[in-house]
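According to Swiss-Prot, the features are:
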- Gly8, Arg11, Arg91, Arg137, Arg140: ATP binding site (BINDING)
- Gly8, Arg11, Arg91, Arg137, Arg140: CTP binding site (BINDING)
- Asp21, Asp23: Mg(2+) binding site (BINDING)
- 228-329: domain 'HD' (DOMAIN)
Amino acid sequence: MKIYLVGGAVRDALLGLPVKDKDWVVVGATPQEMLDAGYQQVGRDFPVFLHPQTHEEYALARTERKSGSGYTGFTCYAAPDVTLEADLQRRDLTINALARDDDGQIIDPYHGRRDLEARLLRHVSPAFGEDPLRVLRVARFAARYAHLSFRIADETLSLMRDMTAAGELEHLTPERVWKETENALTTRNPQVYFQVLRDCGALRVLFPEIDALFGVPAPAKWHPEIDTGVHTLMTLSMAAMLSPQLDVRFATLCHDLGKGLTPKNLWPRHHGHGPAGVKLVEQLCQRLRVPNDLRDLAKLVAEYHDLIHTFPILQPKTIVKLFDAIDAWRKPQRVEQIALTSEADVRGRTGFEASDYPQGRWLREAWQVAQAVSTKEVVEAGFKGIEIREELTKRRIAAVANWKEKRCPNPAS
């Protein structure tokens, strides 16, 4: 029995990055030998065991053979005669097909170290094409390591295009697509994930609402980058700089979906694209089974982001109505989330990346003022039932009006 550290832990250690999870491969052992050594079996489809002390995963070396469609159509063979090299060959990328033995020696049969140094994401073997999930995984790795200047090898991108054209991605379940997307959205450069999917044709298959934005022009006066798809990825990049929150990043990604519905004869203007986009956000979220809290914020951002940009000319009554509409009284975090997505929208434009966004500050300040109005004082003043809400609204509007006159006067007045 020989044990090797494999995959991501070896890769990240060689890159000088923190190692989070450790995976191990056991060569030359049977399931019974693992059980006799105190390991606990957890794998249903193939033999995976938990270490009795560390609880890290130890998998018996195995090979895989394509036996059906999609990413689940594989037959696994795990036995003592499976070599380490055979186990590593079934992995997706050369940089993930690395192992380290007890002496610290690196086993690298597929030149993963060379590709690490060259900053290349390259598939191990033609078997890559048998698993459509790998298209999304490569896109996610490209996003994860973009700050280290990794790029996808030409032959790997070509294979990803072939897989997409062959309809392989249609076998992916919504849950798997969303899981990879969720992980990609939490990387330092989530926009790279969607750019890679577009480069290989997968964006049109998996995210048609986003793909439809490319080639749709916006007024050059406001959008020097012109292309709405380009703007969308720029705003996502900016959102990633402004916030680590998945909610903020996903909502930013979806903020302009409505522009994809604008008839060509009305280009480059997109009046009413906010409310129009709400239906597309709902459609995308239902298809991919996106969690409700992310969906709800994304719909609000799609509908109201343009309103936030006009904050100086908004009436106090409109501002309080906005807080009602986003349910800020029960979910106060939404004020900050919407301020951040609106800022990402404005700064995600060519030449505006370093712009100030005072509207975000004003939104936060107005919220603090409105929130400070005391419900207790309204009740103690003798108001009852529906009168309480009406009086609260009246006092909130008055408080915001007083604040706005001093801090954010209407430029037209």
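Every residue gets a Cβ built from N, Cα and C, even glycine.
Of Gly8, Arg11, Arg91, Arg137, Arg140, all annotated as binding-site residues, the residue with the shortest Cα distance to Asp21 (Mg(2+) binding site) is Gly8. Taking Cβ-Cβ distances under 8 Å and a sequence gap of 6 or more within the same chain, the neighbours of Arg140 (ATP binding site) are Glu180, Asn183, Ala184, Thr187, Tyr193. Sequence-distant neighbours of Arg91 (ATP binding site) (same chain, 6+ residues apart, CB-CB distance under 8 A): Gly7, Ala97, Val124.
Summed and averaged per residue, pLDDT over the domain 'HD' (228-329) gives 94. The binding-site residues under consideration are Asp21, Asp23. Their Cβ neighbour counts within 10 Å are lowest for Asp21. Counting residues of the domain 'HD' (228-329) by DSSP class, helix then strand then coil, yields 78 helix, 0 strand, 24 coil. Contacts of Gly8 (ATP binding site) defined by a Cβ separation under 8 A and a same-chain sequence distance of 6+ are given as Val19, Lys20, Asp21, Asp23, Asn96, in order along the sequence. Sequence-distant neighbours of Arg137 (ATP binding site): residues of the same chain at least 6 apart with a C-beta under 8 Å from its C-beta are Asp92, Glu180.
In the three-state DSSP scheme, Asp21 (Mg(2+) binding site) falls into the coil class.
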